[in-house]
Structures are given as structure tokens and as C-alpha cells.
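Input: a single structure, listed below in C-alpha cells.
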Amino acid sequence: MAQPPQPELRLDSDAGAVFVLESKGKWWHAGFHLTTAIVGPTILTLPYAFRGLGWILGFFCLTVMGCVTFYSYYLMSLVLDHCEKAGRRHIRFRELAADVLGSGWMFYFVIFIQTAINTGVGIGAILLAGECLQIMYSNLSPNGSLKLYEFIAMVTVVMIALSQIPTFHSLRHLNFASLVLSLGYTFLVVGACVHAGLSKNAPHKDYSLESSSSSRVFSAFTSISIIAAIFGNGILPEIQATLAPPATGKMFKGLLMCYSVILLTFYSASVSGYWAFGNKSNSNILKSLMPDDGPSLAPTIVIGLAVIFVLLQLLAIGLVYSQVAYEIMEKQSADVNQGMFSKRNLIPRLILRTLYVIFCGFMAAMLPFFGDINGVIGAIGFIPLDFVLPMLLYNMTYKPKTSSLIYWINLFIMVVFTGAGIMGAFSSIRKLVVDANKFKLFSTDVVD
């Protein structure tokens with residue numbers, strides 16, 4: 001059986017190991033990282049997800065997936081603690097999976113899924129940041145000539161500069177600011193949605209689902225995939241690696257901090273946005289607040305501040321997920337070219353990171369599907385990594401009795417979300433194909 005590559009702590013080539021050896025992270029730093037990884041501007045997509053589920057099923061899915069992800073992240077932190085106590089401290093998701101499951105293919109499967117997630121989030125962050133700039137520009141200059149892809153290019157240049165921040169731990173202060181920003185723009189958007197729903201120009205509130213049964217089913221699974229992507233965090237082992245050892249119990253405190261913010265933001269954004277716009281909710285609720293065919297439905301200063309906060313946080317989110325992608329690329333390249341990514345040789349690292357950001361920016365400009373991208377990422381990335389694999393890792397590590405409740409709870413979650421992931425992938429890709437008729441390459445608007 002093929003053996004997965006083992007973790008190496010070579011200071012000259014392993015960027016991730018260099019970081020961990022120098023790590024002095026506290027539990028609240030992990031809380032900042034977790035919050036940035038989960039609580040992002042994608043929450044502005046929640047009203048759009050609700051329109052495929054309705055009130056009752058929307059609340060049910062949001063609550064269930066919140067509980068399941070908290071549970072799964074806690075189980076994964078326990079598995080990491082168990083391995084650390086056994087003398088095998090893992091700083092990467094792929095090595096944890098390969099160690100516990102004992103198969104070389106699992107190592108590469110996790111690399112593939114993580115790379116897909118990190119690249120998808122990178123593309124989505126650049127796309128949404130470009131859209132935010134476009135919203136600000138169109139408000140200030142309604143007849144301006146700049147297009148969406150030009151704003152995406154501007155964001156890409158900024159991300160190239162920020163991509164040179166060397167390590168995950170270096171982002172702790174930035175991620176604290178990100179936490180504050182997420183609370184700020186959520187409350188601004190909630191207030192704007194309430195104002196819009198009560199104003200004389202309030203849109204007609206229609207909460208009905210699609211008339212066709214098959215369309216309702218596909219829309220529901222696409223919405224479930226979107227919610228999975230919003231709750232998703234495929235980099236928990238890398239975040240736990242930022243903690244100074246021993247990490248036992250610290251991740252639980254970090255998760256409590258993160259989910260306190262989730263409770264405040266996810267429900268308020270979902271309820272206010274879906275209440276105000278119903279089944280007309282846009283994949284970016286800010287666009288619903290500023291319709292093309294009428295006046296702004298909220299004070300310009302409120303929407304402007306929210307857009308600025310969202311834009312700033314998107315830069316932090318892009319950096320958090322990109323760090324893992326950089327580490328994967330740099331580690332694999334360093335294995336081929338010994339010492340290539342040492343601290344003394346920064347040019348190859350600069351080139352590789354720059355090319356990665358340019359690729360994400362190019363894909364964002366060429367294929368501006370924000371809601372659809374969320375659905376695909378959730379189905380093929382976050383569901384297997386966050387809703388299935390942690391339960392499997394726990395059962396394989398702690399080996400609970402088959403008669404125990406926790407064994408059957410974990411098995412039930414794995415089966416249910418495997419099915420949901422398969423259906424969600426099919427539904428999301430189907431919607432992506434259907435929506436392909438709505439745009440041209442380098443479109444001037446984001447496609448819902």
C-alpha cells in the first residue's frame with residue numbers, strides 16, 4: 001500500500017513547519033482565525049439560499065448545519081489532540097487524514113479537496129470584492145465606463161501585494177479586525193433590510209417556492225450546498241497548528257467564540273434579508289438594496305459603510321484560505337527543488353503566489369457566478385471535508401463501540417451528508433450549466 005508523505009520539519013523547505021515551530025498562538029487567536037474562515041460576506045447569500053428552501057426548511061437547515069459543523073470541528077480537534085499526545089502532531093489536514101485512515105490515496109484526496117476549496121474561496125473573494133467596488137463606483141458615477149472585470153483586476157493587484165504576508169500566525173491581528181468588520185457590516189445590512197422592508201418603495205414580499213416539483217428539489221439541494229459552503233472551514237487542522245502546544249481544550253474555546261459571532265450574524269442576516277425581499281433576494285443582498293430599476297432602498301451612507309466593511313474583510317478571507325494553498329504549492333515544489341523556498345530565497349515564493357492570485361482573479365473575471373460558485377464549493381468541497389470526514393476520523397481514532405450512541409450519531413451524519421453532497425453537487429452544477437446562457441465571458445455583472 002502506498003504510504004503518504006510524512007511531515008518533515010526542515011527549516012529550509014517546509015514553510016508550514018517553520019511557522020509551527022515559531023508559533024505562540026493563544027486560544028483567542030484561533031477564535032479570530034476560525035471566525036474569519038467561517039463568518040464572511042458569504043452570509044449576504046443566506047437570504048438567496050432561503051429562497052430555495054422557504055422559512056421553515058431554511059431555519060431547519062441553518063440550525064442543523066450549524067450544530068453539525070460545531071460538533072464536527074470539535075471532534076476533529078479531539079482527534080488532533082489524540083495524535084499530539086501520541087507524539088504525532090499534525091499541522092496539515094491531509095497528513096492527519098492519511099495518518100488516521102492509513103491510505104496514501106486519502107492524502108492526495110484531501111489535497112485535491114482543500115485546493116478546490118481554497119481556490120474557490122479565493123475566486124469568490126476577489127469576485128465579491130470587485131462587485132463591491134463596482135457598487136460604490138456605480139453609486140458615485142452612474143454613467144461611468146468602468147466594467148466589473150476592471151474592478152476585479154484592481155482587487156487582484158491588492159491581493160498580490162498582500163499575498164506576500166509570510167505565515168498564518170502573522171494574520172492574527174488582521175483577523176481580529178475581520179471579526180469586528182463582520183459584526184459591523186452584518187448589523188448595517190440588517191438595519192438596511194428592515195428599512196427597505198418598511199419603506200414606501202418596499203418590494204412585494206413573495207415567499208412562494210418554484211412551481212415545478214423537480215425545480216423545487218434542485219433549488220433546495222443547491223441552497224443546502226450554499227449553506228454548507230457558508231458554514232464550511234476546510235482548514236481547521238492548519239488553524240489548530242497556530243496554537244502553542246499543548247492545544248488541548250484551546251480549540252473548544254476558539255469555537256465558542258466563533259459560534260457566538262455566527263449566532264449573532266447568520267440568523268439576523270437570513271431573517272432580515274429574506275423577510276424584505278422574499279424570493280427576489282439576490283445572491284448578494286447588497287444588490288437587492290440597490291435595484292437597477294429604482295431608487296436605493298436604504299440610506300446611501302449605510303450601504304456605503306457596509307460595502308467598505310465587506311471589501312476590507314474579503315481581503316482577510318482571501319489571505320486566510322490562500323495561506324493553505326500557498327503552503328501546499330510551496331511544500332510540493334520544495335520537495336522537488338530542495339531549499340527552493342528557504343527564507344533566503346524569496347523570489348520563487350513571490351512568483352508562485354503572484355501567479356496563483358492572478359489565476360484566481362482571471363477566473364473571477366471570466367466566470368462571474370457568485371451564488372453558483374458557492375453551491376459547487378459547498379457540495380464538492382466543504383460537505384466531504386467538514387460534514388463527513390471529521391466523524392470518520394473520530395470513529396477510526398477512538399473506535400467507539402458499535403452499540404454506543406456516538407458511533408451511530410456519527411454514522412448517521414456521514415450517510416445523510418454524503419447523500420446531500422451528491423445531490424447538492426448535481427444540483428449546483430446543473431444550475432451552473434443553466435446559468436451559462438445568461439452571460440458572456442468577462443460579463444459586466446455577477447450572475448445569480
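Any Cβ shown, glycine's included, is placed from N, Cα and C.
The following features are taken from TrEMBL:
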| type | residues | note |
| --- | --- | --- |
| DOMAIN | 24-430 | domain 'Amino acid transporter transmembrane' |
| TRANSMEM | 30-50 | transmembrane segment |
| TRANSMEM | 56-80 | transmembrane segment |
| TRANSMEM | 100-128 | transmembrane segment |
| TRANSMEM | 148-165 | transmembrane segment |
| TRANSMEM | 177-198 | transmembrane segment |
| TRANSMEM | 218-236 | transmembrane segment |
| TRANSMEM | 256-277 | transmembrane segment |
| TRANSMEM | 297-321 | transmembrane segment |
| TRANSMEM | 350-370 | transmembrane segment |
| TRANSMEM | 376-394 | transmembrane segment |
| TRANSMEM | 406-429 | transmembrane segment |
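Beyond the transmembrane segment (297-321), the same-chain residues lying 6 or more positions past its ends with a Cβ under 8 Å from any Cβ of the stretch are 33, 36-37, 40-41, 44, 117-118, 121-122, 125-126, 128-129, 132-133, 135-136, 139, 155, 158-159, 162-163, 165, 168, 171, 174-175, 177-178, 181-182, 184-185, 188-189, 191-193, 195-196, 199, 201-203, 235, 276, 286, 288-291.
Tallying C-beta pairs under 8 angstroms between the transmembrane segment (177-198) and each of 56-80, 100-128, 256-277 places 256-277 first. As a quick check, the transmembrane segment (376-394) and the transmembrane segment (100-128) clear the bar of 3 or more Cβ pairs under 8 A, pairs 6 or more apart, so the two touch. In terms of C-beta pairs under 8 Å, the stretch of 56-80, 148-165, 218-236, 256-277, 406-429 lying closest in packing to the transmembrane segment (350-370) is 148-165. Residues 68, 71-72, 75, 217-222, 224-225, 228, 372, 375-376, 378-380, 383-384, 387-388, 391-392, 394-395, 400 of the same chain lie 6 or more positions beyond the ends of the transmembrane segment (406-429) yet place their CB under 8 Å from a CB of it. Remote same-chain partners of the transmembrane segment (256-277), defined as residues 6 or more beyond its termini with a Cβ less than 8 Å from a stretch Cβ, comprise 28, 31, 34-35, 38-39, 43-44, 46-47, 49-51, 55, 58-59, 62, 66, 70, 179, 182-183, 186-187, 189-190, 193-194, 196-197, 202-203, 205, 207, 230-231, 285, 288, 297.
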